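Reviewing the structure listed below.
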Amino acid sequence: MPAKLGYWKIRGLQQPVRLFLEYLGEEYEEHLYGRNDREKWLGDKFNMGLDLPNLPYYIDDKCKLTQSVAIMRYIADKHGMLGSTPEERARISMIEGAAMDLRIGFGLTCYNPKFEELKGDYLKGLPTTLKMWSDFLGDRQYLIGSSVSHVDFMVYEALDCIRYLAPQCLDDFPKLKEFKSRIEDLPKIKEYMKSERFIKWPLHSWTSPFGGGDAPPA
């Protein structure tokens, strides 16, 4: 039976989960809540048997989960992709936390009502952050080596969202630019991105000063 996902009809915190499942070729069904479906979600929220009800959620025949990182870790663990030693698992966990910092740092700026005032400071600090990630990636193909892991999709998604605000941000970081292209060129990811199921926009909730609305900036 396919896993069931639930989230808003946006990219948000669910997009890395979608990308990871597509890469793995794992079947899933997704319930998408639209812009005007808040009351519908509130009606569903406490009637699904979720321990800590929230979006996104993931339900399969053995588990009901919320929280995007927990979902990613569970899927990775099912496929034997969480590392084979305490050191490897700790490193993956570290990358997860840093990837969430990258994505949420961008999101907090974009959601702020004073976005136009704050974006200058965000963009000023961005090269330092990207240099850290470029140095960490080094000469590896992917973040933990030569094999794809769930954290690659977390970092990829953050980078892809940031480039809507700063289209040239990776020009000084060719290793990150190549990493981003490498993810997009994975056959199943490329196919997914061409499909009608792929959500390109919005990045955030529809009301977000940046990354919201119905269409990307021109």
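Cβ coordinates are placed from backbone N, Cα and C, and glycine is handled just like the others.
Taken from Swiss-Prot, the feature domain 'GST N-terminal' covers 2-83. When pLDDT is averaged over the domain 'GST N-terminal' (2-83), the result is 98.
Cβ-based neighbour count (10 Å, all protein chains) for LEU55 (glutathione binding site) stands at 19. Summarising the annotation, Swiss-Prot assigns glutathione binding site to TYR7, TRP8, TRP41, LEU42, GLY43, ASP44, LYS45, ASN54, LEU55, GLN67, SER68 and lists similarity to another entry as the type of evidence.
What Swiss-Prot lists as domain 'GST C-terminal' is 85-203.
Shown in sequence order, HIS204, SER205, SER208, PRO209 are the residues of the chain, 6+ apart in sequence, with a C-beta less than 8 angstroms from the C-beta of TYR111 (substrate binding site). Look at Swiss-Prot and you will find TYR111 tagged as substrate binding site, backed by similarity to another entry.
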Diameter of the glutathione binding set by C-alpha atoms, the set being TYR7, TRP8, TRP41, LEU42, GLY43, ASP44, LYS45, ASN54, LEU55, GLN67, SER68, in angstrom: 21
Set of same-chain residues at least 6 away whose C-beta sits under 8 angstroms from GLY43 (glutathione binding site): none
Under 8 Å by Cβ from LYS45 (glutathione binding site), counting only residues of that chain that are 6 or more apart: PRO53, ASN54
